[in-house]
Amino acid sequence: MLKSRPSRCLNLSRPSVRTLVTVPSTAQEAYKYILERDSGEGGIHAYVHLVPPTSDDPTSSTSKGDSSKKDLPLEGLPIAIKDAFCIKGMPSAACSRVLQGFSSPYSSTATTLLSQAGAVLMGKASQDEFGMGSFNTNLHSSIGNIPINPFTVEGTDEIGSDKWRRREKRSCGGSSGGSAAAVSGGLAWAALGTDTGGSIRLPASYCGIVGLKPSYGLVSRWGLISYADTLDTVGVLANDVTSAQRVFDVISQPDSKDSTCVSESVRSRMMEISEESICRIPGLRNGELAGLRIGIPIEAFPTELSQDTLAPFRETIRALRSLGATVHSVSTPLAPYALSAYYTIATAEAGSNLARFDGLRYGARGEDRFDDPNADESYQEGLEKARALLGPEVKKRIIVGAYSLSAEAYNSFYLPSLQLRARLTQTYLSLFRTPSAFHADSSNPSGIDLILQTSSISTAPVLSPGGLNTSSSSGYAQDVLTVPASLTGFPAMSVPARQRGEDGWPVGVGLVAGWGGERLMFAVGKVLDDVRGVKY
């Protein structure tokens, strides 16, 4: 197992950002907050399945004095798990009625690594059905309510109080909205999520927390209920960058069960390259950024971008410049077309992945699924019953994906999307002055170290009593800033800006590094944490 080795150019012991939300450090503490804040009218509704901690839990706070437990990096820390991850003996439904009642016979690699590191898995967090959505409102099931953004504009109301429960209800984002809500609401120390086109970064921005999408291939996807195989990335949500990195260091390991998970030799090369990039910025260990080159894409300001996000973004740029960083305009001319390519590729892969839920191999068969298995029912009838359990957004994407792969549309839509993805990746490779572990000749000596942009086009949308006050197309538009990093497989992280939006709600700023550039991204993210000073 490849261990992260200390950098000679970086101080890793800098303190985490202070928070106004009480961050639970034990499972018992998290469980107490969950009972107070998560259920009932006005509750957060972050969890769809909860595992109460026990006093004899080997990784609970009561066993911290056990001398047999040594060097557990996450010992006793409560972590929420998105419902898309399989955990042995625990319901795993991806918040879909078609999988309701399914109890996994095995555990995913990522959750297994967390348990081995001493973390306490508190339960399953809400999500959009099969990860398809930007607002966590696509819950076509009875296994959970729409989670509510725990953030409070006043910043002083105690979470769980009567005044807090009467606050304006806003979306916590999607599809990893339950994971974000659990962290932001103090119901977990950190959370595991997935990011296909922005499903970690968008909720993090809305909820005022940190959201990490690692480089594609660094974290195993084995045991994940798939949406789009070439885009799905296992990531982390936490209150600060230091905590997110601690979880990442645990789950970023090779895995022979996942053919897309990179080997130790690639990781070793990646570490060497990361060390070189960090050492270019000699003052980084002290929070000084002289030598850091930040690129701002001129295409990262679409017409949909709300004014609420611009002032906090500009303030972040000023802060980075004051610390010595230089800011440069860069161009990614294909980025405006990335959203169309993303939805073409993602829906095509989703249609293929979800074909298995036919009521025979996987998935329920409707209301009579527990009836006599020898009943006279054709495969087509069983398929129709199973598909009737899928929500409208999932059905829509299956239909679009099937059309994209049809003989009629393949050459017009799907193939051009793959070509655009390859060209976009080459464009991104040419921006960075540090080479990729996969592309030794890809570096640009006069290039940049990181990309900086807003994480979302707006602050969290308002939820009406019947759902969300927005259209489906606006939900797709939310991904316009996040999908380029997803298509290229590069790491990206949303960090809360110090300044809020004009409406008083949090705004996230996004960092994007070259493939394998997490260490530099973490280091600069911690500087932004220090600039922020206090969680809203």
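Glycine is treated like the rest: Cβ placed from N, Cα and C.
Quick look at what TrEMBL annotates:
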type: DOMAIN; residues: 45-519; note: domain 'Amidase'
type: REGION; residues: 50-72; note: region 'Disordered'
type: COMPBIAS; residues: 52-65; note: compositional bias 'Low complexity'
type: ACT_SITE; residues: Lys82; note: active site, charge relay system
type: ACT_SITE; residues: Ser175; note: active site, charge relay system
type: ACT_SITE; residues: Ser199; note: active site, acyl-ester intermediate
Separation of alpha carbons, Ser199 (active site, acyl-ester intermediate) and Ser175 (active site, charge relay system) (Å): 5
Count of other CB atoms lying within 10 Å of the CB belonging to Lys82 (active site, charge relay system): 32
Most crowded position, judged by CB atoms within 10 A, among Ser175, Ser199 as active-site residues: Ser199
Ser199 (active site, acyl-ester intermediate) and Lys82 (active site, charge relay system), Cα-Cα, nearest whole angstrom: 11
Mean of pLDDT values spanning the domain 'Amidase' (45-519): 89
Mapped DSSP class for Ser199 (active site, acyl-ester intermediate), helix or strand or coil: coil
